Amino acid sequence: PEVFLNGGGDQVWEEEEDKEDKNLIFCRACSIAVQELLNLVNDGISFDVLFNVSITVCLNLNISNLVVCENMLEILKPQISWILTNADLTGKDMCATLFTAENCQSDNPDRVWDVEMPDVPKPVLVVPDIPTDGPTIKVLHLADTHYDPEYLPGGNANCPELVFCCRAESGEVLHPNDAAGYWGDYRFCDSPRWTLESIYTHIQEQHPDISFIIWTGDLMPHNVWNTSREGNLKIIRDSVALVQEYFPGIPVFPAIGNHEAHPVNGYPQPYIDNEFDISWLYDEIADIWQTWLPANVAERIMYSASYVTEVFQNLRIISLNTNYCYSSNWWLLYDSNDPGEELYWLAQELQRAEDDGVFVYIISHIPTGDPNCQYSWSHQHNKIIARYEGVIAGLFYGHTHKDHFQVFFDPDQPDRTIEVAYIAESQTPYKKLNPGYKVYTVDAGRPEATYTVLDHENWYFDLDQANFEGSPTFQLLYTAKEEYGMSDLSVQSHLDLIYRMAANSTLFDLFYKNYVKAARPSLEGGCNSVCKDELLCKLITADRSDLSHCDTLP
């Protein structure tokens with residue numbers, strides 16, 4: 001507790017080199033400190049006093065400065081106070097729920113749960129033949145646009161104490177190198193409108209044959225301590241209008257990101273009908289998404305910000321709200337048991353697709369193998385994917401801002417791969433990245449089409465060059481099969497790539513360059529052996545309850 005309340009946390013971590021030991025120390029210290037705070041709540045301490053202590057913790061752990069600590073906790077105070085009042089929590093349970101990335105473990109048996117699956121035997125898996133010269137379509141994947149309407153060229157980009165910069169409020173520019181570039185900045189800054197417009201214009205010109213777009217969420221800028229419901233809704237409306245303006249007549253299938261909520265990450269269960277009711281957001285996006293979606297999906301969107309709709313006669317898209325697995329969503333402290341019945345609904349819809357003989361794309365924001373995805377949610381999701389692998393033609397995520405993938409394994413046959421999910425690069429440069437986008441080439445346009453991703457190309461522009469020359473120069477960064485020497489993009493080929501990268505540093509360095517979109521600051525920082533191990537583990541994990549495949553890496 002003294003570490004958390006009086007500072008000194010950095011020294012504790014520096015004294016322990018092993019990451020597992022660091023996590024163990026963190027989880028133990030967190031459990032003790034949070035339990036003491038809970039004891040104070042049970043003893044009748046006022047929430048005002050409690051949150052003043054929390055501000056002290058925020059400052060002593062060097063999480064941020066006084067402005068951010070005070071404002072963020074002020075925004076969070078009402079919902080956290082309600083949760084602490086109405087939930088039966090222990091310090092260990094709270095830390096495990098909020099800090100899954102540190103592998104903290106709960107003492108609450110209710111955190112382990114199962115989803116009821118349709119009682120239908122899994123059919124024999126048929127692997128179809130895909131002609132090498134058959135017809136194809138192009139699918140654009142937009143992710144993490146993070147539009148900042150208040151971006152200020154020349155503003156202060158060097159304000160790490162504020163977590164978010166390049167605005168009039170970001171303080172004085174003390175050195176010429178601290179000034180934000182016109183087209184964006186590698187530091188703590190998001191996308192100005194004209195940068196997004198430039199990206200969309202290039203996509204129009206380079207890819208006039210786009211069939212449809214998947215857009216996997218996160219539209220807000222990163223000023224998380226200074227958001228509002230009205231402000232978030234305006235940015236959603238403006239972002240949707242911008243995409244509609246540049247891609248008229250092209251179907252767009254959106255998913256909701258963690259930043260769309262206010263407070264950020266705050267997604268209460270649909271049955272919460274008090275002042276924290278999330279309908280202010282879900283009702284609005286149900287209306288806004290009608291720009292592209294049929295009216296019959298609105299009811300499900302208003303319930304849980306998810307939907308299923310038809311793309312073609314034999315392809316459906318399921319948009320899944322993975323904010324219900326996100327450990328930064330404080331509402332999971334109150335109830336983490338399949339919020340919104342999201343996974344139950346997913347299984348039912350996949351069964352319906354199987355019955356109807358159609359394929360499905362699943363789009364979401366947060367990857368289910370993300371370190372911050374709840375163990376039970378991730379595990380139950382993986383079981384559903386394994387059961388319905390025969391109808392799932394693709395899985396697509398965003399959230400990380402990087403360009404990578406994750407491999408799914410069969411929980412009943414742990415050595416058998418079942419699916420690969422694509423995690424698309426961001427349009428925002430936040431942080432230490434170049435803006436980019438991904439276009440898939442997909443098997444389609446024939447009666448036996450499988451809608452399998454056959455290849456993908458990845459484009460970017462270099463921020464240094466754009467800010468120096470005055471305009472972006474878009475470049476093809478790579479195409480997957482050619483870059484990595486893959487005969488196809490099957491899940492087995494992706495697994496083979498992971499093991500090849502583990503053994504070949506040159507190949508891994510190439511992957512890392514593409515992972516960060518060839519951004520100078522990230523490449524200068526490099527990826528040492530610890531970084532490499534963590535990244536490869538991320539690629540080989542789609543179920544956060546099972547990290548065993550990481551141990552198979554050399």
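Any Cβ shown, glycine's included, is placed from N, Cα and C.
TrEMBL does not curate its annotations; it predicts them automatically.
For 23-108, the entry in TrEMBL reads domain 'Saposin B-type'. Helix, strand and coil residue tallies for the domain 'Saposin B-type' (23-108), in that order: 66 helix, 0 strand, 20 coil [DSSP].
Taken from TrEMBL, the feature disulfide bond covers CYS27-CYS104 (among others). Take the CB of CYS104 (disulfide bond) and look out to 10 A: across all protein chains shown you find 22 other CB atoms.
Look at TrEMBL and you will find CYS30-CYS95 (among others) tagged as disulfide bond. Take the CB of CYS95 (disulfide bond) and look out to 10 A: across all protein chains shown you find 24 other CB atoms.
As annotated by TrEMBL, disulfide bond applies to CYS58-CYS69 (among others).
Annotation for ASP144 (Zn(2+) 1 binding site): same-chain Cβ neighbours under 8 Å, separated by at least 6 residues, are THR216, GLY217, ASP218, GLY257, GLY398, HIS399, HIS401, SER426, GLN427, THR428. Marked as Zn(2+) 1 binding site by TrEMBL: ASP144, HIS146, ASP218, HIS401.
Taken from TrEMBL, the feature disulfide bond applies to CYS159-CYS165 (among others).
According to TrEMBL, the disulfide bond annotation covers CYS166-CYS189 (among others).
All chains included, 23 other C-beta atoms sit within 10 angstroms of the C-beta of ASN258 (Zn(2+) 2 binding site). Marked as Zn(2+) 2 binding site by TrEMBL: ASP218, ASN258, HIS365, HIS399.
Under the heading disulfide bond, TrEMBL lists CYS325-CYS373 (among others). Taking the Cβ of CYS373 (disulfide bond) as reference, residues of its chain lying under 8 Å away and at least six apart in sequence are, in sequence order, THR100, THR322, CYS325, TYR326, SER327, ILE366, PRO367, ARG544.
Marked as disulfide bond by TrEMBL: CYS527-CYS531 (among others).
Here the CA atom of HIS146 (Zn(2+) 1 binding site) lies 11 Å from the CA atom of ASN258 (Zn(2+) 2 binding site). Proximity to CYS27 (disulfide bond), defined by a C-alpha to C-alpha distance within 10 angstroms, is shown by none of the recorded positions CYS166, HIS365, CYS531.
Among the recorded positions listed here, namely CYS95, CYS159, HIS365, CYS527, CYS159 has its C-alpha nearest to that of CYS189 (disulfide bond). The distance from the Cα of CYS95 (disulfide bond) to the Cα of CYS165 (disulfide bond) comes to 30 Å. Between HIS146 (Zn(2+) 1 binding site) and CYS104 (disulfide bond), the C-alpha separation comes to 30 Å.
For the recorded positions CYS30, CYS166, HIS365, CYS527, CYS531, a Cα-Cα cutoff of 10 angstroms around CYS159 (disulfide bond) retains CYS166.
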